[in-house]
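Below: one structure, written as structure tokens.
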């Protein structure tokens, strides 16, 4: 049997499907069966982590769920597996808290046996419900036509039926060719491979920080009332949410743009900074800078760059960013700042912007052997 890929690429796609009486009845029966299964496990399965717990649950619940709740064979298995996962999550939580209740109308579905999606006819077939049309879907749905379908979640909300399908594919094994480096900072993101081939992407940090400041000013204006007054609380929350959504949307778009730039420069390796110690001393920073650092979501941006790169068959490598903005990319000596974010090397005379210096240094680091990568110079850097 082939060994399973450790880190497959996954994407979740939400589709709006047709709502019918049979679908509503199916979801209602599933939720009732899920509630019953949870309380049955509380009484009969003292330790869900012990060996044979799933077999015990199957013996105790399978026939009962099928007959009393009129669930198809595979959906019955999905139901008690779903309940067991919820029960385990509660059981393994040290604080425990209240025993979980099921209110939201959601159904766990297994591909092929519980549901199938036909992307050509734009239909979904669900066991015991039948064929339903796909009414709405994202524009990039066709990109996942060759991906493997995994488990899905069917949700009823605000009179609409949403099917959230997880697609999965294995990472492509590619041979490294050329590479680009990405330098992320608060003003812009620079992508390139040298001081002539690079692109600057402005950030939206200023917009996000503006809405966060509006929320904080509102809280300062009403220091006691903002928690009790529903209108003030709602407005403050909306400002915070808007700031968060701006940066989340920006991070997703940057992932696509970086991959497009890399393809345009003929590279299939993207080098990112290893940010392990990014906020190690964050409490020592000024308050405004600290706020912007949290808002910027460096790791979120890197996550979407890495995800898009793997989706398009590229390699991502994390390299040490130490002194990448102040070391001369030509001779390795420490550079001197002669203007705002502009550095000069006293040894060889090279001058450039610190962001361009950073991508040149980052692109020369890493363990990958690239056919067109510049050779490392035998110079001891002045660190």
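Positions of Cβ are set from backbone N, Cα and C atoms, glycine also.
What Swiss-Prot records for 328, 331, 345, 348 is Zn(2+) binding site. There are 21 other CB atoms within 10 A of the CB of residue 345 (Zn(2+) binding site), with all protein chains counted.
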| note | Same-chain residues at least 6 apart in sequence with Cβ under 8 Å of the Cβ of residue 328 (Zn(2+) binding site), in sequence order, are 334, 335, 345, 347, 348, 350, 357
| message | Taking every protein chain in this structure into account, which of the binding-site residues 331, 348 has the most other Cβ atoms within 10 Å of its Cβ? | response | 331
| request: Give the helix, strand or coil assignment DSSP yields for residue 328 (Zn(2+) binding site). | output: coil
| query | In the same chain, outside 328, 331, 345, 348, whose C-beta lies within 8 angstroms of the Cβ mean position for the Zn(2+) site? | reply | 329, 330, 332, 333, 335, 346, 347, 349, 350
